[in-house]
Each structure stands twice: as structure tokens, then as C-alpha cells.
Amino acid sequence: MCETLASASFSSGSDTDGASPPPRKKHRASAAEGAGEPGASTVATGLSGVVLGFTTTSPNHQATSAIHLNITPVNNLSGNNMQSNGEGQGQDSELSCLNSAQNGESSSAVGTHSNGVLTSTNNGNSVGAGLGSGTCVASTSSGSEVGSMKKKKRLSQSEEDVIRLIGQHLDGLGLNQTVDLLMQESGCRLEHTSATKFRNHVMEGEWDKAENDLNELRALMHSPNAIVRMKFLLLQQKYLEYLEDGKVLEALQVLRGELTPLKYNTDRIHVLSGYLMCSHAEDLRAKTEWEGKGTNSRCRLLDKLQTYLPPSVMLPPRRLQTLLRQAVELQRDRCLYHNTKLDSSLDSVTLLLDHVCSRKQFPCYTQQILTEHCNEVWFCKFSNDGTKLATGSKDTTVIIWQVDPESHQLKLLRTLEGHAYGVSYLAWSPDDTYLIACGPDDCSELWLWNVPTGELRTKMSQSHEDSLTSVAWNPDGKRFVTGGQRGQFYQCDLDGNLLDSWEGVRVQCLWCVGDGRTVLASDTHQRIRGYNFEDLTDRNIVQEDHPIMSFTVSKNGRLALLNVATQGVHLWDLQDRVLVRKYQGVTQGFYTIHSCFGGHNEDFIASGSEDHKVYIWHRRSELPIAELTGHTRTVNCVSWNPIIPGLMASASDDGTVRVWGPAPFLDTQENCSNMDS
């Protein structure tokens, strides 16, 4: 291998053309001599295959120099530093760097980035070199230096916030040295110095100093009234601690001389004054529901005080945990199949994966087919405690099924017979002791059964011309209302005695509101009205454009779910009296189909359909999240177990009741990527 150097000689006036290259040693000497020119650079490497191309321009000379080097490997090459006066410099054991300087000009070393591109400035002109990683170049600049150290990046506001949140969390874990190092290295401040003093004085019980700290914090606060509230909380703690220590005179002085002059929350001051009569510390803690003097009560005090301070001064307590908990809850809310109890604790979830529930965990799979009825099954309803299921059929019977608490399998418990017209509607009493059965339009009778004994308590019929097709229990469990499309609307006791009646109301479906006074009734005028049996007033609540075949109300009484003829399933807000959502997919003609709320927090809606399917929606989504097949005729009713969110039943004209549950052999890995139940 050879080393070749091609150079253009500098001259004061013109370039020298056509000169043959001199020998190699001659050129090395020339390179050394050329170091005396202003802006010249000297390069040395200990690596093979390095090609260096650079251009220099001197303000006094317009000549351009291009250098191409092919260098053979040189072993044990010591670092050489050369200056124009010939004095040697120090060595680098790994990379040979040549520093040249003359006439008092400064010399600066420029190191390459990992991508191998280096740019430096020489007398204001750019010098670019393509170097291998690790190559070191020393160049002389007149009046400028390029540092190899990166300038520290300025943190954005969001980055500072994240660092403070992490610092607060680590501080809560007791990793104080780690917090100090994090704040020092990032240049951030966990909280204002005045806030730190305030925190320490509160935790140490130095109430006078803490009160003085509030004066320093006053200028940092947004609300002028916050100081008074914070001072009240401080003095209240001070007062209670004096009482616990038996220092009654000091406590009385705080009450009269410090708390009362604030003229704030006088009702609370009166309550505090009553604690002076407590005979001992245990009595005081019991009456005040206070933990007593110590770290716990002072931490709780600080949590309250922090709410009055801007986050730039002192972060809200456990802010990172709050944000993480909100993120988990948001993911659960957006999860279409989340049907387990909401646990607010972060210990029940993993933060390393997004929360996603599988459809296999959802009650979309047939667990049982109940075939004991011998005709169309018109209605089904789980008891309020979720332990039983009642089904009514055209075959004139009601069957009570027992739900196994472990396997969730249903077993026949009791058959109730004698309903000559069939059973089209069922209603459990609030305590599940009684069950009322109603028939179709031409049925004038109503049966009230004692479920534990299987005995018929009451068989009610006011007139053979009546049509008693719907019923609803009063929340007190001692009364019920019933009615039908022939204009009957009665309120009765458990023995069937008529208590009140409302004439001329053609009732399609009924529901008793939680206040115990108001009854909601859908009628033949495509509306739902509220009837008050105490003051005999009524008002319009819902108005539809098509007949309301049935409706049900959520547990909190806020939402109503309507099955509307030819329209499908509609969700109404009873308080605001507005239509919230129309659910798509279901086939609804003029058959009476009963839908239901279900799942944890009643987040889901299920309905039968005339296309032989069961449809399930998330309450916030108009499109179905599941379409359950298996029935061969119209599905008349769906009931969701109120206690077991993964259990649902459907009744159909095909004579069967299907029990739906999760997939039978759940793979825990497929079930949920984040198991939190």
C-alpha cells in the first residue's frame, strides 16, 4: 500500500500549474511548513482507510487545497502534537490528535458524533470532514471555539411537570436521596421553598411558624379567601391537639383568641367548643372522628391545605396516582366488554398494558337450554337477589328456577300452575318473597304467589271485563299497581283489596318510582306519563311517535329503556325528558318484546328481536356489540342477572329459555390482557 498526497502550492499572485508531485518525504516536510499559514490544519490518524477532504481559504491567499489520504495501519503510533515552533505536546493513548497553533491563536479539538459527520468553523469558514467514528481532529480557529459537550436541553413545561410528579411519588416512598438527585440533575424544583417550610412546620406541629409561613404564601395564592380557610384548618388541628394533651386552658385560648376572631364557619366553632367537655382523649377522638395527634392526622391536614395552593407552589396530594387511576378508569369506560366490578385501587391492575377485555368473558355463549315449558315462553325475570329465575309461558305455568351460586347452572325449583290464559308478565316483590303473574290482553285475573311456600296468596279480579296485563310493585313491598288496555288502573294491597284507581287510562306497561308515590305508565297515546296517587296529579314525561310496547327503568330511576313498535329500542333520560339514543340492529314490529339493563353499573342493554336473535349494546354505543343466535323463533324477553353480571336469560316462542354466560373454557391469556376482577 502507498500513501499519496496531492497538493496545490500557495503563491502570492498565481497558482503553479503542471508541477509534478514531489517525493513523499518532501511533501510531509511541506505540510509541516504550511502549518505556518493562517487557518491551516494538521491532521493525523492511526486508522486505515480514512479519507479526509477539506477546503481551506485564506483571506490573503485565494488558493484552494484538496488533500486525499490513503493511510496504511500504523501500530503503536503515539500521539504527536506539532506546533510551528517545533515544541511537542501531550499524548493520547488511543487516538492520535495533532494540534496546531501559531501566532498566539487558540487551538480547539472537535470530536465527531456517532454518525461520523463533523463540522467545524475556521476563521468563519465551514470545514466539513467525513470521518470514521472515534476520529479526533484538532483545528485552529481565530476567535471561536467549538465545544464537544452538548449544551443541556431546556425542559418543556410538560417535561418539568412529569419530573415533579415522579419526584413527589418517590418522596412518598421515602426515596429522598433519589428525589434530591433528580431535582439537582434536572434543574427542577419539587415545590416552592416557602411551601417546603410550611410542610415541615405542619408535620412537626410548629403551628406558630406554620401560620407565619402562610403570610409568605399569600402572594402565591389565587384566592384571597384561601388564607382564612387554611388558617382555620391549622388552628382547628392545634386546638384538638391541645385538648388531647389535656391542655384545656391553651385550647380555650386558641378557640377564643384565634379561631373566633377569624369570623369564619361559626357553626363549626360552636361544635368545636362542645369538645371542651370531653373527659379523656378517647372520648375526644370518638366524638370528633379524628385520628388524634400524630403523623396520620397531620398528613390528612396537609392534604386539605394543599387543595388551596396552586400546583406550581405545591403539588396536589398523590397527583401521579390520581392521574394513573383516571387513565385506568378511562380505559375501562372505553372497553366495550368490561363487565367486572370497578376497583379504584391501582394494585389490581398492571400499568404496563392497556386494559382490553375479551368477548369470551362476556355472556355471549349458551350455557343451558331450559326445555321444561311445552309452549311459547313469553316472559322471564331474575329475582332481585339473583338466586332465582321465573319464567312464564303460554302453557299456563310459571316455573321457578334456582341459580347455583358456584356453577351458575339453573335447576327447576317449583312449578306454579293454573293460569288459564297463560303468563305474559311477572314481577318479583322487593324482598323476593312474592311473585305476581299477569296474563295476555283478554285475561282479567292476577295471581300473587308466595315463592318460598309455593302457595297462592291472592287471585285478584275486579271485573270480568278487565284486562290486567301489567303490574309493578311499590318500593315498600306492601302495595302494587296493575292495569291493562281496557282502561283499568288500580292500586291494591297484598290481599288484592282496591286502594285507589285511576279511570280511563289504557295501560300498556307500568313502573313504580323510588319515591313511593309516583307510577309511570305507558299508554295507547304513545307516551309515558307520571301518576301521583297521593295528590291525584299526572304529567307527561315521554312522547314517542309510535306505540310503546314495553319499557323498563334503570336502578337509579334516571333512564328508561323503551321498545317502540317498528322503531326498535330507545333510551330516554327521564329527568331531562330527552331521547338519549336509538339502538340499531333489532327487528321490532308489533310484538311485545321486553328489553333490560344489565352488567356492572348497568352499562349494557339487551333485547330480544323478531329475527330470533338477542342483541346486546354498550349503553353509549348505538351499534350492537353482540348478536346472540340459537333461538328459532321470536325472542320475547331478556333478563340480566342483577348480581351475577355474566349471567343472562332469554325466553322465546320456540318454547325454550336459553341461559347465556362466558365462553366455557376461558384461556386466561385470551380472556383479558389486564385481569382486574
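Each residue, glycine too, has its Cβ placed from N, Cα and C.
Annotation source TrEMBL lists compositional bias 'Polar residues' at 1-17.
Look at TrEMBL and you will find 1-41 (among others) tagged as region 'Disordered'.
Summarising the annotation, TrEMBL assigns compositional bias 'Low complexity' to 31-41.
Positions annotated as region 'Disordered' by TrEMBL: 78-121 (among others).
Feature annotation from TrEMBL assigns domain 'CTLH' to 191-250.
Sequence annotations record features per position, and here TrEMBL assigns repeat 'WD' to 370-404 (among others). Mean model confidence of the repeat 'WD' (370-404) amounts to 97 (pLDDT, 0 to 100 scale).
Within its own chain, the repeat 'WD' (416-447) is flanked in space by residues 375, 378-381, 383-385, 387-388, 390-400, 454, 456-473, 475-477, 480, 482, 484-485, 494, 496, 592, which lie at least six positions past its ends and keep a Cβ under 8 Å from the stretch. What TrEMBL lists as repeat 'WD' is 416-447 (among others).
What TrEMBL records for 628-660 (among others) is repeat 'WD'.
Using a Cβ-Cβ cut-off under 8 Å and counting only residues 6 or more beyond its ends in the same chain, the repeat 'WD' (628-660) has close neighbours at 339-340, 361-371, 373-382, 384-387, 389, 391, 393, 403, 408, 410, 591-600, 604, 606-610, 612-616. Within its own chain, the repeat 'WD' (370-404) is flanked in space by residues 410-428, 430-432, 435, 437, 440, 449, 451, 594, 633, 636-644, 647, 649-659, which lie at least six positions past its ends and keep a Cβ under 8 Å from the stretch. Residue counts of the repeat 'WD' (370-404) by helix, strand and coil are 0 helix, 19 strand, 16 coil (DSSP-based).
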